[in-house]
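S.K.: To start, I am sharing the structure in question, which I have written as structure tokens.
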Amino acid sequence: MSLWLEAPVPDVSPDSAVELWEPDAQDASSQPLGSSKCILREESSTPQSAGDTSRMGLEAPEPTALLPGVEAPPESTELRPQKRKKGPAPKMLGNELCSVCGDKASGFHYNVLSCEGCKGFFRRSVIKGARYVCHSGGHCPMDTYMRRKCQECRLRKCRQAGMREECVLSEEQIRLKKMKRQEEEQAQATSAPPRASSPPQVLPQLSPEQLGMIEKLVAAQQLCNRRSFSDQLRVTPWPMAPDPQSREARQQRFAHFTELAIVSVQEIVDFAKQLPGFLQLSREDQIALLKTSAIEVMLLETSRRYNPGSESITFLKDFSYNREDFAKAGLQVEFINPIFEFSRAMNELQLNDAEFALLIAISIFSADRPNVQDQLQVERLQHTYVEALHAYVSIHHPHDRLMFPRMLMKLVSLRTLSSVHSEQVFALRLQDKKLPPLLSEIWDVHE
């Protein structure tokens, strides 16, 4: 779960720590969930024992059949970036000026009214991770002349105007969009009756290696979920106080959701260690991938627990949370609504355990994550899982050509949700709200 909660946070000891990477940790079940800290960087401090704390996870949803015979439902509406004000971008009158350099604007690019030049400059800078240096102290006035002279001040002005880096699609996201468009065109082309001379279509098949990998992923997920059952009683219970607005009730709700988030993060770490190829990466790349994919995997797991009838999400056994419960815990509506919309859209796909496990693996092995060193190897690993998912979906959804691109586009939607999550965590920091050490470390919230 996400942690930009507005209720006061119980005191957390900064000295207690749990090393999620240590396989032979001692028992520390007596420690409270919120007091554990995940040491994600190479540090000289000695981590304390983790014990059962590193074995926690959310309740497993009812397992679905590995070989479903249910045909996928029609295409659902994709999640789109949500702003505080709903509705389409204002219509252009033709005389608008670029918010960065004052040139003639061509439209709204990356959340800002800007010209084609500043649009392209911002995109190139973000994709390349460019670092510019101003030779005039960083205070150049920006206009159509200076935009060509000082790139640092131009990039700063882009950000000050409101351009959002998360709106820039990576090469992989562009490739996924192109793939979806091609799949749609192929589906339309093949919707006509086939000619008599057309050769029979050859469906892809799962190789023995792919089948073994999928079986291992499903077994690993089920094992991680089973480990969480004995730890569910340690989560601070949802308050049933007569006064739901009392300080004590707000603190309980905050602790409840933060501890659920800790449980989820630790389960993600356990599962990632079981992914073929993950432990062969450097420790630094393992940490970089986990820190930036954790919230996306948490949201995927959340969508598995969505109940369309009651529009609620079940985390603990026999306890469901609706939108109002999320709000009572301190989450803001700008994030609550996208969570439920994404969960509803995922539920309509009716994915089984194998498809969820492959999607999670693809999300974790994203080479464009910050601070990833061996990007080529991460891309190779991700490609292995993408190919396995494509073959699996083609076999189990032979009459739905759009199922595979639909599933991959959900990962693009997750990037949007992840950016909203980052904004909320940053807002929490500005409000001087303290997260438990594990969540502060995984989301880079440093005091």
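Backbone N, Cα and C define each Cβ position, glycine as well.
Swiss-Prot lists 1-96 with the feature region 'Transactivation AF-1'. What Swiss-Prot records for 95-170 is DNA-binding region, and it gives sequence analysis as the kind of evidence. Annotated zinc finger per Swiss-Prot: 98-118, 134-158, in sequence order, evidence recorded as sequence analysis. Residues or ranges marked as compositional bias 'Low complexity' by Swiss-Prot: 187-203. Among the features that Swiss-Prot reports, domain 'NR LBD' is placed at 209-447, with the record citing sequence analysis.
Give me the structural setting of these features: burial, nearby parts and distances.
M.R.: Confidence in the region 'Transactivation AF-1' (1-96), given as mean pLDDT, stands at 42.
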S.K.: How does the zinc finger (134-158) divide up by DSSP, counting helix, then strand, then coil residues?
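M.R.: Summed by class, the stretch gives 11 helix, 0 strand, 14 coil.
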S.K.: List, by number or range, the same-chain residues at least 6 past the zinc finger (134-158) whose CB is under 8 A from its CB atoms?
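M.R.: Distant contacts of the zinc finger (134-158): 100-103, 112, 114, 117-118, 121-122, 125.
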S.K.: DSSP says what for the zinc finger (98-118): how many helix, strand, coil residues?
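M.R.: Grouping H, G, I as helix and E, B as strand yields 3 helix, 7 strand, 11 coil.
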